[in-house]
Amino acid sequence: MTSIDGCRPLRDAHQWLGERCITLFPCLSDPVRRSSLGLMVALLSLHVITVGFLFAFDRDLIRSIGRMTWYSVLYLVLFVVVLIQYFFTSGSSPGYVIDEMNAGNEPHATFSTSRTSMQSAARRNDSPISPLESYHLRKNITRMNSAAWTKLVTELYPSWLTSRNWTCAHCNIVQPPRSKHCHDCNKCVLQFDHHCLWLGTCVGLRNHCRFWWYLFEETLLCMWTIILYYFFLRSKFDKAWWKEGFAIIFLAVLIICLIFLLLLLVFHSYLVMTNQTTYELVRRRRIPYLERVPESVHPFSKGLWGNLVSFCFPCDRTGPLERVPTEEELQAKARPYACVDFLHGRCCC
């Protein structure tokens, strides 16, 4: 009985500390956020420890920093850039469906003004306005209600799937093509790729380009750090046994990280060139509007150059909502390649 009473102050102190931490940092109340924050701290600690070890014990590197040689300064710049890119990508929005829907709901003018502007645009183009073009013309002008959003999104799907319900069971929002609900973020994400626990956010339409650049910069930093560790172990000055032991362990960890980084970089480069996402590639047969598409056809591809432009500039004038190609367009994408197709980048269609 005495032992139980003796442990009570410790339990009370632990409970009080936990409540204070949750009050100061509300994100800690979510188990998913806690695990993500733990991975982020571990990743940043790995950067600081592996690089800090070199700057603390590598005499050649220390001398080069003292002389301000170009490669030591460049290495430090790359290290800082990687950390900045990491926080920049981690804090970026992947592009949420609700935000896109609300952007179309902002009232900036009266209905008569919007109708006049759309009619004048149609007369200038001398062609009827499609639902998708109509949406982008009205996006920052008129108030779009839920029914208009539903009609717009429904017309982006092929005719043989018009009877299907595209409303998200969690957000109660009609999902455009290529979007998916993320249970970790609890939101529907435009052009959903995956949820990255290391970043603590989803990778989607708005931040996929930043994610690719982060992988590229991280790969360069990892390769450069491996080279520095190699020369550290090859150096002739006397080193304590524990320094060599830690250097070998860090080198092994960095090599494993480099393998995964290279695989990720190559994989996402392929996705960029073909305008695909990880979710579409892995769950292709479970996505209703892709189940009829042959494996060799990339339905949303615009050709190599078009895919690169869309990837680097996701907020261009074409807008984030993509229409599912018709059967005729899919047949055109499925035809055999000619030499001219490689010149125009159709090899990635």
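Here, residue 1 is simply the first one shown, and the rest follow in order.
Note: Cβ is positioned from N, Cα and C throughout, glycine not excepted.
Record features (TrEMBL):
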DOMAIN    167-283  domain 'Palmitoyltransferase DHHC'
TRANSMEM  37-57  transmembrane segment
TRANSMEM  69-88  transmembrane segment
TRANSMEM  211-233  transmembrane segment
TRANSMEM  245-271  transmembrane segment
Next on the checklist: For the transmembrane segment (211-233), give me same-chain residues lying six or more residues beyond its boundaries with a C-beta closer than 8 angstroms to one of its C-beta atoms, as numbers and ranges.
Outcome noted: 50-51, 54, 57-58, 60-61, 75, 78-79, 81-82, 85-86, 89, 193, 196, 199, 203, 244, 247-248, 250-251, 254-255, 257-258, 261-262, 264-265, 268-269, 272, 311
Checklist outcome for this item: Within the same chain, the residues 6 or more beyond the ends of the transmembrane segment (245-271) and with Cβ under 8 Å of it are 46, 49-50, 53, 193, 208, 211-212, 215-216, 218-219, 222-223, 225-226, 229-230, 232-233, 277-278, 281
